[in-house]
Amino acid sequence: MEHRARKRFGQNFLSDPNIIRKIIDAIRPLRDDVMVEIGPGLGAMTEPLLERLAHLHVVEIDRDLIARLHQRWPAERLTVHEGDALKFDFATLGAPLRVVGNLPYNISTPLLFHLAGFAAQVRDMTFMLQKEVVMRMVAEAGSDDYGRLSVMLQYRFRMGRLFDVPPGAFRPAPKVMSSIVRLIPLPAEQLHADDEEVLAEVVAAAFGQRRKTLRNTLNGLLDAAGFDALGIDSGLRAERLTVDDYVAIANHVAAQRKRAG
Ligand SMILES: C[S@@+](CC[C@H](N)C(=O)[O-])C[C@H]1O[C@@H](n2cnc3c(N)ncnc32)[C@H](O)[C@@H]1O
């Protein structure tokens, strides 16, 4: 029976065989990889992945699609994890984990933040996302696209936009252009934040009101002496600071809190 695409689950199914091949070539699956596909849908990527892999995990929320997946592949080849990828514990799948998927665009930002929490177990991640989100992920300091997503992901990952995919490659066609992006976790010794929760707090505060200066947005976290000690101009706006600047601020704030007990 034909599956009717559900908007609430961000369902746009890949239908262009050339694009699918290009994505699988970019992923380069090897037989014994530990891999999980988020949102397999009707299996446009699942099928060619399983041509190369001994086994694949998938996480899918739509019950109709889950039933189809069970019918189509035996459990030894495909493990179907039924439920919400936003709540899924990717650490249970083993390491080093490879994560792939044509992600549901309506939850892409929270999903990226959720996945960033598993970076230590991950070998790489290759995703299809709205181009606009990918541009924000890879944006450099000083550009309009640079924001909380850029800083928090660039802190943990080396990222690259591989190629763009037009709406016509999907059924139904989305309204926006898409891009394939790869994320590779940085080695632990390159992560210098003493407290990553404080880093997240500082970055959220700075970009919460991105038109205001840091003096205003970081009020309560960093005082004038703190800006001086770090050599950062408090009259700048959030988008001018690099990832390293944010890490320096977060470490200063964390040290201050520790001293204050
Ligand atoms: C853009 S479609 C991609 C489908 C398929 N991979 C393809 O390329 O044709 C997104 C898929 O993610 C599933 N999905 C949506 N929200 C989800 C969630 N929170 N957790 C897991 N899967 C989800 C949808 O049901 C759908 O199968």
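Just so you know, glycine gets a Cβ as well, placed from its N, Cα and C.
Those TrEMBL annotations? Automatic predictions, nothing curated.
Since this is a predicted model, take the numbers as computed values, not measurements.
Pulled from TrEMBL:
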BINDING   Asn12, Leu14, Gly39, Glu60, Asp84, Asn102  S-adenosyl-L-methionine binding site
DOMAIN    19-187  domain 'Ribosomal RNA adenine methylase transferase N-terminal'
Sparsest Cβ surroundings (other CB atoms within 10 Å) among the binding-site residues Asn12, Asn102: Asn12
Set of same-chain residues at least 6 away whose C-beta sits under 8 angstroms from Glu60 (S-adenosyl-L-methionine binding site): Gly39, Pro40, Gly41, Ile66, Leu69, Val80, His81, Glu82
Those residues of the chain, 6+ apart, with a Cβ under 8 Å from that of Asp84 (S-adenosyl-L-methionine binding site): Ile61
Cβ-Cβ neighbours of Leu14 (S-adenosyl-L-methionine binding site) (radius 10 Å): 20
Maximum Cα-Cα separation (Å), residues Asn12, Leu14, Gly39, Glu60, Asp84, Asn102 listed as binding S-adenosyl-L-methionine: 21
Count of other CB atoms lying within 10 Å of the CB belonging to Gly39 (S-adenosyl-L-methionine binding site): 22
